[in-house]
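Engineer: To start, I am sharing the structure in question, which I have written as C-alpha cells.
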Amino acid sequence: MTSAQDEGLLRDPPPSYELHELENPLIAGIIETNEEKSPLHMAFMNMANSILGAGIISQPFAVREAGVLGAFVVYIALGFLVDWTLRLIVQNLVITGTETYQESVAVALGEPGRLAILLANGLFAFGGCVAFCIIIGDTIPHVLRTVCPPQYIERNWVIIVVTLLISLPLSLSKKIKQLERASFLALVSMAVIVVTVAVRGPFLPSELKSQVSLFAPQWWFRKTIFKSVSIVSFALVCHHNTSFIFHSLRNKSIYKFNRLTHWSCAVSVSVCMLMGYTGFHTFKEKTKGNVLNNFSGDDGWINVARLFFGFNMLTTFPLEIFVLRNVVLDIWAGPTHRWYQHRRHHPPRGGHTATQQPPPPEPHGSSPARGPAGPHPGLPPDPEPSEQPHTAVTVVLVLATMGVALVTCNLGALLEVIGSTTGALTAYILPPLTHVLLTRRRPQPHTARERLGHCCCVVFGCTVMLVSTTQTLLDWSRSAGRGGRPLRVLSRRAVPARPRPPCAPPNLDYRFR
C-alpha cells in the first residue's frame, strides 16, 4: 500500500465533488449510497448494542468468580484486548481488500480458514439467537403474570408471539443501518437495567442480601478467575459482525473506525464494571448467574428491569441473525462467491500466500470487467440479494432458533463448549494470527518484538478455550455421575423450597457455572 493510500485511510477528509461530477450517474449513485450509511454516532449504537448483549446480566457473577481486584484486572485487560483485536480485523480487511471477516481469514489461511471462521461465526451467532429466545421466555412471562392471570401466560406461546411479531420483522432488514434505532432503544433499556440493579439493591430486605464483609480476604483474588475471563469475554465479543459495522459507516476510514471502537469498548467496559460491582456489593456469595434472580419475583422495580431485559434481547436478536444469514449465504454461494474471484485476480498486498497462485495473464486485447460499485477493483459488483432467497433464509433461521428454544429450557454443556471455543477463536486467535500471516511478506514486515504481542494473544485465546472447555466437560461429567442431567446451561445452584415447573424462570447462568 502506498503512502498516499495509507494517508487516505487514516484521515477522514470531508468529501468534495465538482458540479460536472455530480451530473455523472455513476458518481451520483456513489454519493447517494454513501449518504444512506450511518453517521458515527448511529454506528456507535449498533456496535455498543452488539457488545452489550445478554452477558451484561452475568457481570456480578463474574466479579464473584474473580474477586474484587481480580475482576478489575480482567475488565481492564480484556477491554484493551478486545479493542485491539477489533481494530486488527478492519486492518486485515484493508490489507486484503475484502469485505468480511471470513474473507480476510480465507486470504491468509485458504479454504480451511474460510470454513473454520464461517463455522465459528455461525455457531456463535446461532447459540446467541437461541439464548436470546430462551431469555425472552424466562423474563417476559414473569412480568406478564403480574398483570394477567397466570393460567393464560405460557412460556412457549410468549416466545412464539414475540419472536414472530417483533424479532422476525426486524431480522428481515437487509442493511445493518436499518437497525440503528432499535439499537438505540436497546441501549436505553440496558441503562434502565443497570440503574435499577444499582439503586434497588441497597434497599432489599436483609435476608436477600449478604452480610459478609466486602473486604474479606477471599474476595480479592479467587482461583476461579478463568471463569470470570470467560463470562466477561462473552459479554464483550462482537467480532463476528465487526466488518458489517465498518462497512455501514458513512465516509468510512480506519481513523473513524478506531474512534468508534475506542468509544464503544470504553463505554461497554464501564457499564459492565458498574453492573458487576454494584450487583456483587449487594449479594456477594449469594450472587447468581442472572443477578435479576437474586431479587424477589414480585419486586415491581425489578420486573420493569426484566421487561427491559427481554426487550433488549428482541433488538439484539436481529444483529445475530444478520451475521448468521451472511454465513449461510456465503456457504451457499460456494465457489461462485466473490472471494474466489477476488483471490484469483487480486492477491493480498505484499505477495501471494502459500495457498495462492499468481493470477493468470489476461488475453491480449482484453481487460477484466469493472463494475461501477464493485467491492474489489476489476470485478463486477455483487448483485443485491433477491427478496425471495433473503426472506426464505431469514425465516428459516428465525424458526430454527425459536424451535430450539421451544423444546428446551437448557442449551446444555455442548453449547457451552461451542460458545467458549468459537468466542475465543473469533476474538483472540484468528485476528492476530491472520494479521501476522498477511504482513510477513510485506517489504517492511513486523519485527519480532511486534509479533510477540500477536503471538501472546493467540496463546491467551488457546488457553481460555482449553480451560473453559475443560471446566465445562468436568462439570458435565460430575453432573452425569450424580445422576443429574448432564446437558445443563441454565445453572440451578439456588433451588427454591417449592417445586417449579420445568420451564420456570431459572438462574440464567446460561454459559458458565
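Cβ atoms here come from the backbone N, Cα and C positions, even for glycine.
Automated prediction, rather than curation, is the source of TrEMBL annotations.
The shown structure was predicted, so the numbers you read here are calculated from the model rather than taken from an experiment.
According to TrEMBL:
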- 41-473: domain 'Amino acid transporter transmembrane' (DOMAIN)
- 68-86: transmembrane segment (TRANSMEM)
- 115-137: transmembrane segment (TRANSMEM)
- 157-172: transmembrane segment (TRANSMEM)
- 184-204: transmembrane segment (TRANSMEM)
- 224-248: transmembrane segment (TRANSMEM)
- 260-280: transmembrane segment (TRANSMEM)
- 300-324: transmembrane segment (TRANSMEM)
- 342-388: region 'Disordered' (REGION)
- 364-373: compositional bias 'Low complexity' (COMPBIAS)
- 374-383: compositional bias 'Pro residues' (COMPBIAS)
- 392-415: transmembrane segment (TRANSMEM)
- 421-440: transmembrane segment (TRANSMEM)
- 452-474: transmembrane segment (TRANSMEM)
Engineer: Quick test of the contact rule: Cβ under 8 Å, at least six residues beyond the ends. What residues does that give for the transmembrane segment (157-172)?
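Structural biologist: Non-local partners: 133, 136-137, 140-141, 144, 179, 182, 310, 314-315, 317-318, 321-322, 325, 390-391, 394-395, 397-398, 402, 405-406.
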Engineer: Rank 68-86, 260-280, 421-440, 452-474 by Cβ pairs under 8 Å to the transmembrane segment (115-137) and hand me the top one.
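Structural biologist: Against the transmembrane segment (115-137), the leading stretch is 421-440.
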Engineer: Should anything in the same chain at least six residues away from the transmembrane segment (68-86) have a Cβ under 8 Å from its Cβ atoms, list it; otherwise answer none.
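Structural biologist: Same-chain residues near the transmembrane segment (68-86) but 6 or more away: 62, 214, 219-222, 225, 228-229, 232-233, 236-239, 242, 261-262, 265-266, 268-269, 272-273, 276-277, 280, 427-428, 431-432, 457, 460.
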Engineer: With Cβ-Cβ distances below 8 Å as the criterion, list the same-chain residues six or more beyond the ends of the transmembrane segment (421-440) that contact it, or say none.
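Structural biologist: Counting only partners 6 or more residues beyond its ends, the transmembrane segment (421-440) has Cβ contacts under 8 Å with 81-82, 85-86, 88-89, 91-92, 95-96, 101, 104-105, 107-109, 113, 116-117, 119-121, 123-124, 127, 233-234, 236-237, 239-240, 348, 350, 353, 446, 451, 453-455, 457-458, 460-462, 464-465, 468-469.
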